[in-house]
Structure formats: C-alpha cells, structure tokens
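Q: Have a look at the structure that comes next, please.
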Amino acid sequence: MHPRFQTAFAQLADNLQSALEPILADKYFPALLTGEQVSSLKSATGLDEDALAFALLPLAAACALTPLSNFNVGAIARGVSGTWYFGANMEFIGATMQQTVHAEQSAISHAWLSGEKALAAITVNYTPCGHCRQFMNELNSGLDLRIHLPGREAHALRDYLPDAFGPKDLEIKTLLMDEQDHGYALTGDALSQAAIAAANRSHMPYSKSPSGVALECKDGRIFSGSYAENAAFNPTLPPLQGALILLNLKGYDYPDIQRAVLAEKADAPLIQWDATSATLKALGCHSIDRVLLA
C-alpha cells in the first residue's frame, strides 16, 4: 500500500478495510475503481453507491499535495462506464497560484484522460468553489451532472450554478469529454508522440491552440495531459496539470520526472511554453523539450 493511504485506511470500517486491502496492496494503485470493484465493495459492505463514495473520500483526499494550504480536498468522479476516478487538489511551491489544481478538476481530468466518455456524478468532501462549478459546466454532462456532498441531498450542477454561462452561449457544440482528434501526425520518439497524441485530444474551441504534455519517469512510465479550455477562460486547465494529475494519482512524485515534452503550434494564439517550463523547473525537472505541431 502506498504510504499516503495508511492513515485514511486505518479509519475505515473493518468490512471496507477487508474488501479494499487487496485493491490497495499495489504501491501503484491507479486511484480508480472499476465497475466490478465497485460492485464487489458494495456487496462486502452493504453500502449503496452514494454511501460507498462518501466512505472512500478520505482515500481520495489522501492523494492531495497541499504544501501551501494544508487543506486536503478529495473528489470521486463516477463515470457512465461504472468506473470511479479519484481526484485531489494540488499546489506547487515555487510556481504561481494560477497553476494549482482543484480536486474536482483532478477527478474529472483523471476520468477524461483515462478515456471515460461522460460523468454521471461527482462526490466531493467540500462544497465546490465557483471555479470548479464553472469547470464542470464545460462537460458533456452539462448542468445535469449530479453533485454529492456529505450531509446534504444530492443536487444537479444547475442548482449550484444558476443562470449559468457556458459553451452553449458561445455556440460550442463539442464539449469536454466528447471524443476529439485534431489529426496531427505522431513524430519523434515515444515521449514526443505521447505529447502530440495528447494535443490531438485537446478541448480548445475558443483559442484553437492545441497542446499536450508528456512526462517520462525514471522507470520509463509516461504520463500525458491534454489542454482543456473553458468558456469562462480562467478555469481552463493547462496540459501540464493534466499530466501532473495522472503522475500523482498513479503513485509517482515530482522527483520521478526525468524528462518532459510539450507539443503545441508555433503560431498558436496561446502559447504554453513559458508557463510549462517555469512550473516544471520549480518542480525540479530541467530536461524540457518542445515539439511543434504541423
């Protein structure tokens, strides 16, 4: 079991501990539960889906990296496939506040970058901030997304974001988590190709500035993040953050990164290079390359 889970695990009910122990035994537990695993946990504990998700939130929050706030938020995004995806907030010493990741963004990106097609619900241990409510409104599940909070009745996103402004107001038809392929040729080594493939999946209907980041760890594992724009612009998630979300949730740490590649267009209206390289250097990665999409 990864050390970060030990304290939260010890506080779980005995029957949930017994059912989870073989799942969490792998140090690189992928911070997700398949539909089959969810069904097994429900049977072992007698909990329904909502109660089980609440019970698992401490494990999601244990994935948080919060050197600034020391305020850990956990989220579980429930995919329509039946898979549940953990998420947690992330803060980066030496970078800017704008580079931080919210738990809801983490869980949603985890699902999206894992190939999930849509979300049915999201469970969070604290009320989503306005930033996250706006981020969620970019999803193809839209204002119908169910939000579950401890001690409250579940409500749709529309109840948390009345009179919402979103992609439909800008006549955007392709939404976040819809399948997209921008068709750039995969060239270069494996890491470069991973970055280009991530750029091909970008959701960037507002700027038309595709980008993707791929991180290579010392053991050869590669994590890729795609750019995810938002109708309100500021809640946009950069591609580096997508890759860092996966790196963290899959049990790796910043010192494990040995090389990074950013893929973007040289003449795009928005350029990720400066922010990406500055944040990576703050995290200790200095081997950073840029591949131009063509």
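A Cβ is built for glycine as well, from the same backbone N, Cα and C atoms used for every other residue.
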Q: Figure out which of His102, His110, His148, His155 sits with Cys129, Cys132 in the Zn(2+) site per Swiss-Prot.
A: His102
Q: Fewest other Cβ atoms within 10 Å: which of the recorded positions Glu91, Glu104 wins that one? Let me know.
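A: If we count Cβ atoms within 10 Å for the recorded positions Glu91, Glu104, the smallest count is at Glu91.
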Q: Same chain only, sequence gap of 6 or more: which residues have a CB within under 8 Å of the CB of His102 (Zn(2+) binding site)?
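A: The answer is Val73, Asn89, Cys129, His131, Cys132, Phe135.
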Q: Within a 10 Å radius of its Cβ, which of these binding-site residues (Met90, Cys129, Cys132) has the fewest neighbouring Cβ atoms?
A: Cys129
